[in-house]
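Take a look at the structure below.
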Amino acid sequence: MCGNNMSAPMPAVVPAARKATAAVIFLHGLGDTGHGWAEAFAGIKSSHIKYICPHAPVMPVTLNMSMMMPSWFDIIGLSPDSQEDESGIKQAAETVKALIDQEVKNGIPSNRIILGGFSQGGALSLYTALTTQQKLAGVTALSCWLPLRASFSQGPINSANRDISVLQCHGDCDPLVPLMFGSLTVERLKGLVNPANVTFKVYEGMMHSSCQQEMMDVKYFIDKLLPPID
């Protein structure tokens, strides 16, 4: 990867305390790194699960006056009708699929992997889960939206994850990605995957961030879908 400006440092990893039989891949938000989320998962970890928090490559972001910062894809605007970086989103999804493949090579089947993320990372996790042929255990999407929503059919998706479990979380005081985005996204998701498996949790007073209750809800979701198998 030397000389490629898309390269990013190795992910922050919280290793399993014993043999890893499941994994969580969690994607941070715009301008962040995986380190803070790795610390958060270290606080709610289970001994058989490996938690992988990759770092986005650094690129110019149109929304922020083309300043260079860690970003999974370019963000042009934050309104519902903003133009989207279609090629960048699709390329980023391929990067995430490669991370999933790497864990499968390490001996963890894809249906023992949960994909998740916060804000831009959550958006990418939803898009990847809905477009990959890798069957996943679930998605945990925090304070985010569904990118390229017009590219999805009106009916259920015809892919491996039409019955996937989704935990979507949002703060009701989010000034950056308004709660309405989360509400619209969850309604769209219920048309794309089995609606019985979609859970939407709203946290009173929470802004564009996380909170202790949300992390406990994430832990419960992960531990329920990825129980120990030995």
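Just so it is clear, glycine is given a Cβ too, placed from its N, Cα and C backbone atoms.
Cβ neighbour count for Ser119 (active site, charge relay system) (all protein chains, 10 Å cutoff from its Cβ): 25. Look at Swiss-Prot and you will find Ser119 (among others) tagged as active site, charge relay system.
In the three-state DSSP assignment, the secondary structure recorded for Asp174 (active site, charge relay system) is coil. Residues or ranges marked as active site, charge relay system by Swiss-Prot on the basis of similarity to another entry: Asp174 (among others).
Listed in sequence order, Ser119, Ser143, Gly171, Asp174, Pro175, Leu176, Val177 are the same-chain residues at least 6 apart in sequence whose CB falls under 8 Å from the CB of His208 (active site, charge relay system). The active site, charge relay system annotation in Swiss-Prot covers His208 (among others).
Marked as N6-acetyllysine by Swiss-Prot on the basis of similarity to another entry: Lys224. In the three-state DSSP scheme, Lys224 (N6-acetyllysine) is classed as helix. Annotation for Lys224 (N6-acetyllysine): no spatial neighbours, criterion Cβ-Cβ under 8 Å with sequence separation of six or more.
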